[in-house]
Amino acid sequence: MSTQVHSEEEPKSTFQKHSYIIYFFAFWVIMTAWVIASFVLHPELPAVRACLYVFVTLKLLFDIVGVSFVTKPIGSVAGVVSSIFSRFSETVLTIAGAVLTLLLMLLVTFLSPTDENGTLIQRAQSLFGVLIIIFVLYATSANRRAVKWRTVVLGIFLQYVLGIFVLKSQVGYEIFKWLSEIFTKLVGYSTEGMSFVLNKDIASVKIFLLSALPGIIFIAALVQICYYLGVMQWVILKFAWLMAYTLDTSGCESVVAAASPFVGQGESALLVKPFIENMTKSELHQVMASGFATISGSIMMAFISLGVDGQTLITSCIMSVPCSLALSKLRYPETEVSESYGKVTIPQQENAEVNILHAAANGAAQGIHLVLLIVASIVAVISLISAVDALIGWIGDVIDIQGLSLSLIIGYIFYPVAWCIGIEGKECLYVGQLLARKMMVNEFAAFTALKELKDAGTLSIRSNSIATFSLCGFANFGSIGIQIGCLGAMAPRRQGDLASLAFSAMITGTFSTLISAAIAGLLL
């Protein structure tokens, strides 16, 4: 596969290029001095600053010499390795990869030290859940013969390796803890903005509207600024290139999958808007599944303000990226030829902002639109469910069944699902009700209920962590309408295909977060 990475930027003049090099070289020298001084004065958390320094250095280097400076040598090495593996059939390589992935899971899972939050039986329970989910999706696949097992096996493998990196390595733990602390601090900054609009006493009141939603507006503005500066596109392109090259997926679906944890459903598809009209049905399914499998940075901010562990949220979102690609290609395999296969690109925006203030204003406008959408959705859906609960409760009272409700009924339906991801038997009903509430209402209602259970001490540390992983996604019935509306507006001719694929994509997105939760259960 020949994977090209380019962002279709306008060529710079010689003067602009030289000025650009001088400016960024000066910036790099200053940052290098800062990093050295920080290592000397504050030696704690070296991995975080080292990764940040490497990231900035690579960004500046690629801007000056081009990404081919690195990709060509990697491509040469990959070509040599590929020639060695080409001696074996695709079937043999896939089986070998599946066996190695399973062996890695077994070794790390059962040789790691155990405690009350992760016994061998509980870990085996989570492993069983991973296998069951894969089997269910294969059994219900739209075309089992067309399944590309390389994508499935490597997707699960990457997801598991990411889980090991974060949950089992000190470096990964420090990096994701640092990211979580940044989001937590950003919550405080959004509160400052709300304090100016209202007053400090009102802004500090712990109610959903005032504690969660201001952060969405702030992060939406911040993300748009990152787009204007080109940082977001660079990160997404590199992540997408990795996904496309390793999982053999098309450029469009790789870009959308890589963007989903940052900008969320709907907005991520805007990055490939010119291609949507001619996407294959498998690609459309994948685009929606990626949106359902993760949450956006702005929504993550809102959850952190509700007291949800930010490190777990970030880890779950990143782990779900390769998994959503793998499971979507298992549920709805590719049978057509994609026009973006072998290319990873983000077309230039049609109406680019003129400066940072313009970008911030546009981001804030998008944020307030998202806030209104969330509030309207929560009010409407919870009101409808309350009405249905009253009806079901009345039916139960007539035949002397007290406390009967829709969430209780669906909670029992999700009971085995909760058990499969590693939840202890006595807590499965509680987590099953959370999963049901997420699918029927939305993730906000589910995380609010999880916080109540946590405050009451109802769930163990293990169950609380696994439940957080399992709820970290947009997969609910309300989001089906959002995705069909957003994608349908970009490609009116494909609205019929979108409607027919939406429910399948939502289930796939749900399973992606459930596998992330089960893998967390394997590693706890």
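Yeah, the Cβs are placed from backbone N, Cα and C, and that goes for glycine too.
Among the features that TrEMBL reports, domain 'Concentrative nucleoside transporter N-terminal' is placed at 128-199.
According to TrEMBL, the feature domain 'Nucleoside transporter/FeoB GTPase Gate' maps to 209-306. Model confidence over the domain 'Nucleoside transporter/FeoB GTPase Gate' (209-306) is summarised by a mean pLDDT of 80.
Taken from TrEMBL, the feature domain 'Concentrative nucleoside transporter C-terminal' covers 313-521.
For 20-41 (among others), the entry in TrEMBL reads transmembrane segment.
Under the heading transmembrane segment, TrEMBL lists 91-111 (among others).
Per TrEMBL, transmembrane segment is recorded for 123-140 (among others).
The transmembrane segment feature in TrEMBL is assigned to 152-171 (among others).
Among the features that TrEMBL reports, transmembrane segment is placed at 207-229 (among others).
Per TrEMBL, transmembrane segment is recorded for 370-395 (among others). With a threshold of 8 Å between CB atoms, the same-chain residues lying at least 6 positions outside the transmembrane segment (370-395) that come near it are 209, 213, 216-217, 220, 298, 403-407, 409, 440-442, 444-445, 478, 482.
Per TrEMBL, transmembrane segment is recorded for 401-421 (among others).
If you look up TrEMBL, you'll see 498-523 (among others) marked as transmembrane segment.
Per DSSP, the secondary structure of the domain 'Concentrative nucleoside transporter N-terminal' (128-199) breaks down as 62 helix, 0 strand, 10 coil.
Stretch with the most C-beta contacts under 8 angstroms to the transmembrane segment (401-421), considering only 91-111, 123-140, 152-171, 498-523: 123-140. Panel annotation: around the transmembrane segment (152-171), residues 47, 94, 97-98, 100-101, 104-105, 108, 112, 130, 134, 246-247, 311, 315, 318-320, 322-323, 325-327, 329-330, 515-516, 519-520, 522-524 of the same chain, lying at least six beyond its termini, place a Cβ under 8 Å from a Cβ of the stretch.
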